[in-house]
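Enquirer: Shown below is the structure under consideration.
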Amino acid sequence: MGGFFAGLTLGLMGLDETNLQVMVQSGSESEKENAIRVLGLLNKGKYWVLVTLLLSNVIVNETLPIVLDSILGGGWLAVLLSTALIVIFGEVIPQSICVRYGLAIGAKCSPIVLVIMYMMYPVAYPTSYLLQYFLGESHGTIYKKAGEYFCLKTLVSLHQSDDDIEGLTEDEVHIIKSVLDLKEKSVASVMTPMQHVFTLSFHSILDKDLVQKILRNGYSRIPIKECDDSCNYIGMLLVKSLISYDVDDKLPVSHFQLSALPETFPETSCLDILNFFQEGKSHMAIVSSNPGGYGGALGVITLEDVIEGLIGEEIVDETDVFVDGKIQ
């Protein structure tokens, strides 16, 4: 009996509630059933279960020397025999088994443990209440996105494996870690600076040369300034609106309907701007130190920039131009 309680103490108390919740949601049928039973028991009070098992183990272990003393007539033989029996059959063997099969054994024995909990209620429950009061509630391990302890990114890295079926590949680990960083990453860190952005003024003439330049470089959206030397952006031109345009007409940009060009602060997180882009209002925004005011434009952020930050890799298409190994 002592081995029964010692094994259950290690088996049940060694189970992490977070891991049990994972088993309930994504484990096999047997794992789900066992995890539900164990969680049902632990939810009644983890300290209550602990105190009950420890008290039961102490009672059994203290009773054994008394029984052997009456059988063997006392002396060192009773002490040595009881010690050997407790260590081997009451501690080592049952705890070794429960370390390996703690979930299954704990689930099967949970009804018995529950009965014993109520039998020892007058002593076990008040003691467990005091433990909870001074030590606080015991919860499962919650991993943080970043930090020194219980870092989720470290946990993901530990699951990297060359086996594509059992573990995560290097690319999968890289993408998951990039996603976890998305909230902390600012748009200023992934934007394209204004000096590298192709822009037009409201009065620019869309002649043949200019339209060919636009098409050749693969632009899909072009920020539009109020005038050539202005830092005030008033909208953006969607290149698809030029599909039916006759370049011989040589019309100014002002002839075309401009789409709204939202502005945002450099400190805006990539996750927030991604949520904005998902609303479908725009896939481009001006990063400005003074949103809504004159000037202050620092760069341009697009949906593609955010996705590149999301996967942690550069997306190269057929229109990208490389200068000194960098995309321009």
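Every residue gets a Cβ built from N, Cα and C, even glycine.
According to TrEMBL, the record shows the following:
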DOMAIN    1-172  domain 'CNNM transmembrane'
DOMAIN    191-253  domain 'CBS'
TRANSMEM  74-94  transmembrane segment
TRANSMEM  101-121  transmembrane segment
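So that I understand the layout, could you describe where these features sit and how close they are to other parts?
Expert: Tertiary proximity for the transmembrane segment (74-94) is limited to same-chain residues at least six positions away from its ends with a CB under 8 Å from its CB atoms, namely 2-4, 6-7, 57, 60-61, 64-65, 68.
With a cut-off of 8 Å between Cβ atoms, the residues of this chain six or more beyond the transmembrane segment (101-121) that come close are 4, 7-8, 10-12, 14-15, 23, 30-31, 33-35, 37-38, 40-41, 44, 48-49, 51-53, 55-56.
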